[in-house]
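Okay, so here's the structure we're looking at.
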Amino acid sequence: MQILLANPRGFCAGVDRAISIVENALAIYGAPIYVRHEVVHNRYVVDSLRQRGAIFIEQISEVPDGAILIFSAHGVSQAVRNEAKSRDLTVFDATCPLVTKVHMEVARASRRGEESILIGHAGHPEVEGTMGQYSNPEGGMYLVESPEDVWTLNVKNEGKLSFMTQTTLSVDDTSDVIDALRKRFPKIVGPRKDDICYATTNRQEAVRALAEQADVVLVVGSKNSSNSNRLAELAQRMGRTAFLIDDAADIQEAWVKDAACVGVTAGASAPDILVQNVIARLREFGGGEAVTLEGREENIVFEVPKELRVDVREVE
């Protein structure tokens, strides 16, 4: 059985930054550090940080006065941000800069009185945070998930309308929704480049290349990870059997026993150690040496806040 690895896969710059913010805060200030929502959607990462003293909460009211609070990589609404400001808290923002860019687009539309449409998944924390940047009662902020949603949407003024997208969507599905928006609202204005982030796009391209050769595709990522789910869906759409797994223990031998080639990738919030564990598990089932496919090089780095720019090893 051949083992192929997608390239790129795993951590993106936004996830790296968010995890570093929590790790550095723990090193500098000590436990406990409070984090609103899971800092990234990966069980292994969250459990690891929890063991080191991070406390994950959903409501600002759960945080005691004087504590350190970190916003997750998914971002928060202005209401949450203002609630935190009203408290005696030291706040660090781990929102991915590419999510912040979308927040700024929404806030700009709100100030101008333009109505805005967000393409995204209802209930996802990034969507809640992005929708929460809009505050103009004269306008409107709407969420659509599919072309069908677009055709049933009514707005106040089609002449002052813009759209944005969640950063972790399927490139193909989003393109279909954007096409529907432009047909229904010919004057709608969108970003110069859609808001789906480079890491999401690159990992979807890598899965396409992987699925062209693999019989079975294993996507390492947690069930609540939007970008990981999109990778599994894309492989399935290409006619491959695909499984979303948290770690190597999830793999059933029956999934791969008849496969000549198994492809492995990881969502943007999944650490490489989980991929290495999957490779080891597949080798127990008769897999050969893992081969990494050629792919797009990523060298983007997002800096942590200056107050947290320390060498954790020196602090420890």
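Yeah, the Cβs are placed from backbone N, Cα and C, and that goes for glycine too.
These figures come from a predicted structure and were not determined experimentally.
Cross-referencing CYS197, CYS261 against the [4Fe-4S] cluster binding annotation in Swiss-Prot, which names CYS12, CYS96, picks out CYS197.
Less than 8 angstroms from the CB of CYS12 ([4Fe-4S] cluster binding site) sit CYS197, TYR198, ALA199, ALA268, GLU298, ILE300, each of them six or more residues away in the same chain. Of the listed binding-site residues, namely HIS41, HIS74, HIS124, the sparsest CB environment within 10 A is found at HIS124. A coil conformation is recorded for HIS74 (isopentenyl diphosphate binding site) in the three-state DSSP classification, outside any helix or strand. Among the recorded positions listed here, namely CYS96, GLU126, THR167, GLU126 has its C-alpha nearest to that of HIS74 (isopentenyl diphosphate binding site).
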